[in-house]
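Accompanying notes for the structure given below.
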Amino acid sequence: MTIETLRVELGERSYDIRVGSAIIGTIGAVCRDAVAGRRVAVVTNTTVGPLYADGVVDSLTAAGFTVLRIDIPDGEEHKTSVTLTSVYDELIKGGLTRDSLLVALGGGVVGDLAGYAAATYLRGVPFVQVPTTLLAQVDSSVGGKTGINHPLGKNLIGAFHQPRAVLIDVDTLATLPQREYLGGLAEVIKYGVVLDGKFFAFLEQNVSALLGRDRQTLVRAITRCCALKAWVVEQDERETGLRAVLNYGHTFGHAVEALTGYTAVLHGEAVAIGMVRAAVLAEARGHSSAGDTRRIRALVEALGLPTELPSFDADSYRDVLLRDKKARDRGLDFVLNRGIGGHEIVRIENLSEVFGICGVGE
């Protein structure tokens, strides 16, 4: 299978995204091109490590690197300052210097936490993303957002720190649990809804192939998602404008995650719920049609994702939403779809109106 290569153009911080099958063994060559130093720390977790870390370490060693492996616990509940400190401890004891490299091997939690460690250790060291979940491959591994959660909210502590490269091997999706795989499809849908109507139609036409994890279909879908993400990041790296569109579905999504303790509902499942709420809100405010909302809901359901908000009272949702990064002095910014393939960011002051439209607290 051909390797698809995309370029994220950010001046001196530009980097390549490589997407393909059976390419994880090229990580040594990728890292050799990325840094002058020859010490690497591979940050992975206790689930991904036994599956792929040995091959990554072997490739890095063959490329001339001295490799330190750091395994962290698996799960969103471990994306914390406690886990981050344990990574710092290993980097310090391992003698990594400013020209050393971190490799993030895993899903979004590993990528976000290892990326934040790279952004802050010795005031910044380079890192490479090797995402092994669909959600991380199409979203969190590209664009330089790194961070950890706080007990009062998700991703409240973080930094922008671009990777030196992103290496996406679709073969790693073969070992991904079904629920996590389906959660990743929510982020795939997101790109079609707010950025590319033709891509949304492609997803509608390829539901069976996506559910069957067809490699060719996945390479095509992941490559398109990464191309769209790169286009957005190139124009708005620090999320001062356009990049906020990538938060479609995340306003209610983050609230669902927080209210369920970051464990009962996966991130992708929460985003799926949030996208359907955003579509309902967009229709009510005249930005899209009932037919658009039906198509969005139908695709979410066809790909095995939830659509209904968990039953918490309106005050609970209000408290969490007002701690959201998208909250402003006067209201909350909602990313709404304009039809399918377009978007609009709307500031809404009256959350009671939103709750009534979206069925919050019912």
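The backbone N, Cα and C atoms fix where each Cβ goes, and this holds for glycine too.
Swiss-Prot lists 74-79, 108-112, 132-133, K145, K154, 172-175 with the feature NAD(+) binding site, giving sequence analysis as the kind of evidence. Under the three-state DSSP scheme, T133 (NAD(+) binding site) falls in the coil class. Counting only same-chain residues six or more apart in sequence, the Cβ atoms lying under 8 angstroms from the Cβ of T133 (NAD(+) binding site) belong to G106, G107, G108, T172, L173, L176, E180, Y181, G184.
Under the heading Zn(2+) binding site, Swiss-Prot lists E187, H250, H267, citing sequence analysis as support. In sequence order, V271, G274, V335 are the residues near H250 (Zn(2+) binding site), counting only same-chain partners six or more apart with C-beta under 8 A.
Ranked by how many other Cβ atoms sit within 10 Å of their Cβ, the binding-site residues D74, E77, E187 place E77 at the bottom. Counted over every protein chain shown, other Cβ atoms within 10 Å are most numerous around G111 among the binding-site residues G108, G111. Within 10 Å of the Cβ of H267 (Zn(2+) binding site) there are 27 other Cβ atoms, across all protein chains. Here the C-alpha separation of D74 (NAD(+) binding site) and H267 (Zn(2+) binding site) works out to 14 Å. Here the CA atom of E77 (NAD(+) binding site) lies 20 Å from the CA atom of E187 (Zn(2+) binding site).
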